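**Q** Sharing a structure with you now.
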């Protein structure tokens with residue numbers, strides 16, 4: 001029987017609120033997945049029926065994940081840039097959970113926010129850049145995939161809005177946002193920040209299936225004495241087996257609101273979220289002293305019917321847009337897609353094998369060199385967020 005001292009008075013929202021309000025909680029480390037952004041209207045990737053990959057399967061791509069496969073991108077960047085036009089920053093408002101992260105930072109409690117998401121909603125909610133570690137990169141910057149020269153932000157926005165493929169002005173190579181594609185190495189920023197998990201007074205894991213490595217391995221790198229809290233729709237990643245693990249099943253926004261109500265932070269949370277109200281079009285948010293910004297407004301309504309657009313509507317629209325740009329009628333793929341399918345057969349096998357290979361868990365402190373060797377994006381079999 002473990003003699004480890006209990007971190008929580010109770011393993012519920014009240015117990016978590018009590019811990020956060022105590023002197024024991026000074027450094028909060030977060031791990032975020034797609035479930036944090038779904039209420040913003042951004043679809044997750046892996047849900048069996050509503051996920052983006054499931055809907056892209058009908059488009060006769062070599063395989064749905066090819067949209068984020070570097071070899072396929074080199075041959076046919078159209079599917080990615082069609083998707084990018086739908087998901088590009090500025091179209092979505094940060095969620096109440098993103099404003100909670102901003103609130104933690106404002107109160108001086110946020111040590112590090114690790115995120116798998118490429119949507120930059122943490123930044124747009126006003127979370128300081130130096131607190132955010134985008135493990136899989138993001139749309140924030142972009143560069144030539146060959147010469148690595150940085151490409152201008154304003155020009156990139158114009159290209160993506162027009163669903164045009166940008167090319168390097170010097171080398172004429174393809175330009176890609178600094179999003180980590182399958183098989184690519186993760187950013188040095190992520191590698192260097194991984195030891196930050198050891199500095200956590202509490203590790204909060206939100207909206208993730210914990211299937212994508214090495215990101216998922218961060219949960220196991222937390223010290224045995226560090227309390228871990230899972231806020232998610234489903235129990236994942238073995239969270240709950242340690243004495244000081246807490247599991248709060250539910251939607252991230254609902255749990256966050258209930259937590260802030262217990263903490264007495266509800267009014268402050270809602271105030272921060274109000275400041276993320278969107279403007280129209282592709283305008284940049286107005287900047288304020290202190291890093292808080294307002295966002296652009298996108299009307300997420302069906303104008304004719306007056307109904308709120310559902311997540312299924314968004315996923316379907318994205319799939320249809322990619323299909324249209326590929327000239328897919330449901331029966332035939334474009335020659336580009338067919339050629340990619342044949343030429344990428346070997347790489348698909350390698351990619352699939354990489355996704356199904358689960359890395360070994362480290363039980364001791366790992367050096368940065370060892371972390372760098374492991375830091376290639378891999379996916380295990382798909383799971384529900």
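Even glycines carry a Cβ here, placed using N, Cα and C.
Annotations in TrEMBL come from automatic prediction, not curation.
According to TrEMBL, the protein has these features:
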DOMAIN    6-266  domain 'Deacetylase sirtuin-type'
BINDING   34-38, 44-46, 116-119, 208-209, 232-234, 252  NAD(+) binding site
ACT_SITE  136  active site, proton acceptor
BINDING   144, 147, 167, 168  Zn(2+) binding site
REGION    282-306  region 'Disordered'
COMPBIAS  284-297  compositional bias 'Acidic residues'
REGION    324-385  region 'Disordered'
COMPBIAS  339-365  compositional bias 'Basic and acidic residues'
COMPBIAS  374-385  compositional bias 'Basic and acidic residues'
**Q** Out of 136, 167, give me whichever of these recorded positions has the highest number of other Cβ atoms within 10 Å.
**A** 136
**Q** Using a 10 Å radius around each Cβ and all protein chains in view, which of these binding-site residues has the most neighbours: 117, 208?
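**A** Neighbour-count leader: 208.
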**Q** Would you identify which of the binding-site residues 34, 168, 233 has the most other C-beta atoms lying within 10 angstroms of its C-beta?
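**A** Ranked by Cβ atoms within 10 Å, first place goes to 34.
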**Q** Within 10 Å of the Cβ of residue 37 (NAD(+) binding site), how many other Cβ atoms can you find? Include all protein chains, please.
**A** 27
**Q** Can you name the recorded positions among 136, 144, 147, 167, 168 whose CA is within 10 A of the CA of residue 233 (NAD(+) binding site)?
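**A** If one measures from the Cα of residue 233 (NAD(+) binding site), no recorded positions come within 10 Å, so the answer is none.
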**Q** Rounded to a whole angstrom, what is the C-alpha distance between residue 144 (Zn(2+) binding site) and residue 37 (NAD(+) binding site)?
**A** 28
**Q** Among the binding-site residues 144, 147, which residue has the largest number of other Cβ atoms within 10 Å of its own Cβ?
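**A** Comparing the binding-site residues 144, 147, the most crowded Cβ belongs to 144.
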**Q** By CA distance, which of the recorded positions (34, 37, 117, 136, 208) lies nearest to residue 167 (Zn(2+) binding site)?
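**A** The answer is 136.
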**Q** Quick check: which same-chain residues outside 144, 147, 167, 168 lie with their CB within 8 A of the centre of the Zn(2+) site CB atoms?
**A** 143, 145, 146, 149, 151, 169, 170, 171, 172, 173, 174, 175
